[in-house]
Amino acid sequence: MASFEAQQETFDCSEYGNGSCPENERSLGVRAAMYSLMACAIFITIFGNLAMIISISYFKQLHTPTNLLILSMAVTDFLLGFTIMPYSMVRSVENCWYFGLTFCKIHYSFDLMLSITSIFHLCSVAVDRFYAICHPLHYCTKMTIPVVRRLLLVCWSVPGAFAFGVVFSEAYADGIEGYDILVACSSSCPVMFNKLWGTTLFVAGFFTPSSMMVGIYGKIFAVSKKHARVIDNLPENQNNQMRKDKKAAKTLGIVMGVFLLCWFPCFFTILLDPFLNFSTPAVLFDALTWFGYFNSTCNPLIYGFFYPWFRRALKYILLGKIFSSHFHNTNLFTQKETE
């Protein structure tokens, strides 16, 4: 805190209110409504994804390579809800960052890391579904648990190294005129990407993996269409497995679509803002960020709607049956679903 105060003495902070929080122009009713909506989203994000984590971890029937990827993605969403969204809620409603400059960087690093980690997970899931549907005979040898673990290592380590490296080196702000004064004097936890890093983040962290996902799912659904024409002539067990794989691909394709819908506006704004002389209103950027956060709220709702086994697992968790001995061997699939 002392270094922050020293910076304020070095710069003329009169334009920025000398680092103090501006008077909140929102009425008490508006703030209460914002807190209620955001707290509800945080609650669903934390406990919905926690239920998914417990379900896949506890029930042995769910220990598959695909579900291991979904488990890790649920951990990503849970961490976003638990460690990022509460602080962002206070900043958004109160129009002020109360937690200091160092924690601002830590917070933004985790925020950036988790959003990129999510898209890396979705790419991995797309690859998993590609082998399951397009190359089913090779699936068991290509998508083994050790392979999935290596994929998860990449999904977490690369975004983490990128996010913390860029934010703490402050490379993202090189060449931005007046940024030092803004950081020293502002009370809003300002993070602004220059043209180079804004473009790099959009291309490497969003556009390229998104394009890969869309291409892979396009191939998956093209192959699924071919399978649909011959599926009735297949042996019953192979027929049923293909139907299950197709349904799983459809569900995870919806998860991918919701992710792209929620996060594209935020990433696109990060790309454009430095070319528009950082003219994006703070309120708009804040709203787009929360629109991205809501993706992590939507995921457990999507799983609950499309996966009957998740609804059953949630019921068992709420009833406390998971504390019974040997309950982890319970069958979560009906006869119709396993056929």
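Easy rule for this one: first residue shown is 1, then count along the chain.
Quick reminder: no glycine exception, Cβ is built from N, Cα and C everywhere.
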Candidate in Cys13, Cys21, Cys185, Cys189 joined to Cys104 through a disulfide, as Swiss-Prot lists it: Cys189
Identical membrane-side domain name, Ala32 and Asp128, from Swiss-Prot: no
Annotated residue, N-linked glycosylation site, per Swiss-Prot; candidates Asn277, Asn295: Asn277
Neighbourhood of Cys104 (disulfide bond) by C-beta distance under 8 A, where only residues 6 or more apart in the same chain count: Trp97, Cys189, Val191
Cys104 (disulfide bond): secondary structure state under DSSP, collapsed to three categories: helix
Segment-segment contact (the transmembrane segment (252-272); the transmembrane segment (151-171)) at 3 or more Cβ pairs under 8 Å: no
Leading stretch by Cβ pairs under 8 Å, where the reference is the transmembrane segment (196-216) and the options are 37-57, 68-88, 107-127, 151-171, 288-310: 107-127
